Amino acid sequence: AVLVESLLVFGVVLSVHAVVWDRFSWCALALALQAFYAQFKWDRLLRQGGAVFQFRGAANSGLLPASMVIPLLGVVMKERCRAAGIVYFERFGVVVASAGMLLALFLSVLAVGITKPVPTNTCILTGVAGSVIIYTMKHSLTVSEVIEVLEVLLIFVYLSMILLYLLPRCFTPGEALLVLGGVSFVLNQLIKRSLNVVEGRGDPIDFFLLVAVVGVVLLGLFFTVLFTFMDSGTWISSMFFHMMTAVLGLGVIMPWLYRLIQRNPLFWLLQFLFQTQTRLYLLVYWTFLAASACGVVLYQNAKRSSESKKHQASTITRKYFHFIVVATYVPGLIYDRQLLYVAAVLCLAVFIFLEYVRYFRIKPFGQTLRHLLSLFLDERDSGPLILTHIYLLLGMSLPVWLFPRSCAPKGTLPGAGALVPYSGVLAVGVGDTIASVFGSTMGEIKWPGTKKTFEGTMTAIFAQIIAVALILIFDSSVNLNSSYAWILASVSLVSLLEAYTTQIDNLLLPLYLQIMLMA
């Protein structure tokens, strides 16, 4: 299964390389080769319990698929912005690709360094790949860009040491690379933009995303340190939690956002949300869907009888939430993507805050949330945090957040790139949902080495093709320019990756589909 997963990742890398064909795509190819070898060293460390931190069990390290996401995103972003003539974002794509390669190399070197005896062949391959990447960076980056890349690496190292120690068994090495690498980029961008504020420059919704992500991460770190010295389950601790949340929100996060957007954040947000009648209709519709999702949770818990406390929700029941998320995102993508962007940021902040309440058992809702959400746990929630619903939100939102709006003058990219914002809907909302439902109910022929079925994968591909046809009918901004063969190949590769990967598919699949469609 690991070999097939690696083969599929190499297929994506070679596809991007064939389209781009520059020094960075060659570096991505070298990185993929060394990550393939380093992945087996991580897998051995995880089996023997020799890894530095406690990682999530029942999964391989996922180093190769995770290592290629950030570099390939940077490479395809660079190409799209170069074609559009937007030099600033072309250079930003170069920085993203370079930093992603360095982060992946760091994890590979860490695996090689703690493996005993020292794996000579992997050391040589890692050294050669590292030399090629550093030589390319030396001739491609300016001094300020090199400093920015090193800042991201430094933030990643410190975040890894802190969060992987505080949150055992929550991530595989690959998932840690994706999540902590993304947070490192966001924190670095926020610091950089805060130090170089120019009035009227930059989109407020981008600043809103940066401040919200960094704000909730800092909030979690603060309370984690605080509650090591006091019991978080008492009423006094709970009152202190709510009070300090208000102080940090109003005293740190709000002024920080005010400095960036040069206006009152609350007034800006209210004005933004209720700017048009379409937005008002969408907000009412989304409120109804949120209430429906809460109703599903309460109904499933009501069905759980006292004699079956170990009962867990079925796969089909969990996919109800995928259906609700698709029903949420599709109207937003068609009618108002900026509103969807901001609403997804707000939803992410609320999800993470509620997870803090559940994790720290904050009164009055902490224990209730623990009881309600325990029904929907699966084998991927083996650590102290419940992250699958947050990963689902991230998988749907990342293609919207990472869409290079400045490099798409008409609000959409040409060809298959027009489907980039729909990557989460296609890969997770449609593909993963249909594969799980049909595979678990009608699947008989299993893919070698996995529990996934041939029937599930084929119906997922077919469903995504139908979804693309429906998007063409209902979204007039999408014009594929006869790139149907590339779309079919992209959907097929990602659906096969869903069958073979043991990583969090809600996070990985949309990013790979986005890379293929942007390429």
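Note: Cβ is positioned from N, Cα and C throughout, glycine not excepted.
For the transmembrane segment (7-37), the list of distant contacts is 63-65, 67-68, 71-72, 74-76, 78-79, 94, 97, 101, 104-105, 108, 119, 121-122, 125-126, 128-130, 132-133, 136, 139-140, 489, 493, 496-497, 500, 512, 515-516, 519: same-chain residues at least six beyond its ends, Cβ to Cβ under 8 Å. Marked as transmembrane segment by TrEMBL: 7-37 (among others).
Long-range neighbours of the transmembrane segment (57-76) within the same chain, counting only residues 6 or more positions beyond its ends whose Cβ lies under 8 Å from a Cβ of the stretch, are 2, 5-6, 9, 12-13, 16, 20, 24-25, 27-28, 31-32, 35-36, 38-39, 42-43, 45-46, 93-101, 103-104, 107-108, 111, 169, 172-175, 177-178, 181-182, 185, 379-380, 382, 402, 497, 501-503, 508, 511-512, 514-515, 518-519. The annotation transmembrane segment is assigned in TrEMBL to 57-76 (among others).
Long-range neighbours of the transmembrane segment (88-112) within the same chain, counting only residues 6 or more positions beyond its ends whose Cβ lies under 8 Å from a Cβ of the stretch, are 24, 27-28, 31, 34-35, 38, 41-42, 45, 52, 61, 63, 66-82, 118-119, 122-123, 126, 129-130, 133, 137, 140-141, 145, 148-149, 152-153, 156-157, 173, 177, 181, 184-185, 404, 406-407. Residues or ranges marked as transmembrane segment in TrEMBL: 88-112 (among others).
The feature transmembrane segment is assigned by TrEMBL to 118-137 (among others). Residues 23-24, 26-27, 30-31, 33-34, 37-38, 41, 98, 101-102, 105, 108-109, 112, 146, 149 of the same chain lie 6+ residues outside the transmembrane segment (118-137) yet bring a C-beta within less than 8 angstroms of a C-beta in it.
The transmembrane segment annotation in TrEMBL covers 149-167 (among others).
Under the heading transmembrane segment, TrEMBL lists 239-258 (among others). Residues 194, 207-208, 211-212, 215, 218-219, 222-223, 226, 232, 264-266, 353, 360, 362 of the same chain sit 6 or more residues outside the transmembrane segment (239-258) yet have a Cβ under 8 Å from a Cβ within it.
Long-range contacts of the transmembrane segment (278-299) within the same chain: residues 317, 320-321, 324, 327-328, 331-332, 335-336, 339, 343, 372-373, 375-376, each at least 6 residues beyond the stretch ends and with a Cβ under 8 Å from a Cβ of the stretch. Look at TrEMBL and you will find 278-299 (among others) tagged as transmembrane segment.
Sequence-distant contacts of the transmembrane segment (341-361) (same chain, at least 6 residues past either end, Cβ-Cβ under 8 Å): 205, 208-209, 212-213, 215-216, 219-220, 223, 227, 232-233, 237, 241, 245, 269, 272-273, 283, 286, 332, 367, 369-370, 373, 384-387, 389-390, 393-394, 396-397, 400-401. Residues or ranges marked as transmembrane segment by TrEMBL: 341-361 (among others).
The transmembrane segment annotation in TrEMBL covers 382-402 (among others). Only residues 6 or more beyond the boundaries of the transmembrane segment (382-402), in the same chain, are considered here, and those with a CB under 8 A from a CB of the stretch are 56-58, 73, 167-171, 209, 321-322, 325, 329, 333, 337, 340-341, 344-345, 347-348, 351-352, 355, 358-359, 373, 376, 420-425, 427-429, 504, 506-507, 509-511, 513-514.
Per TrEMBL, transmembrane segment is recorded for 422-442 (among others). Sequence-distant contacts of the transmembrane segment (422-442) (same chain, six or more residues past either end, CB-CB distance under 8 Å): 315-316, 319, 322-323, 325-326, 329-330, 333, 392, 395-400, 452-453, 455-457, 459-461, 463-464, 467-468, 471, 491, 494-495, 498-499, 505-506, 509-514, 517.
Annotation source TrEMBL lists transmembrane segment at 454-474 (among others). A Cβ distance under 8 Å defines the sequence-distant neighbours of the transmembrane segment (454-474), meaning residues of its chain 6+ beyond its ends; these are 334, 419, 422, 425-427, 430-432, 434-436, 438-440, 442-447, 480, 487-488, 491-492, 495-496, 498-499.
Counting residues 6+ beyond its ends, the transmembrane segment (486-513) has Cβ neighbours under 8 Å at 1, 4-5, 8-9, 11-12, 15, 58-60, 62, 65-66, 69, 73, 172, 174-175, 178-179, 380, 387-388, 391-392, 394-396, 398-399, 415-416, 419, 423-424, 426-428, 431-432, 435, 447, 449-450, 452, 456-457, 460-461, 464-465, 468, 480 in the same chain. The transmembrane segment annotation in TrEMBL covers 486-513 (among others).
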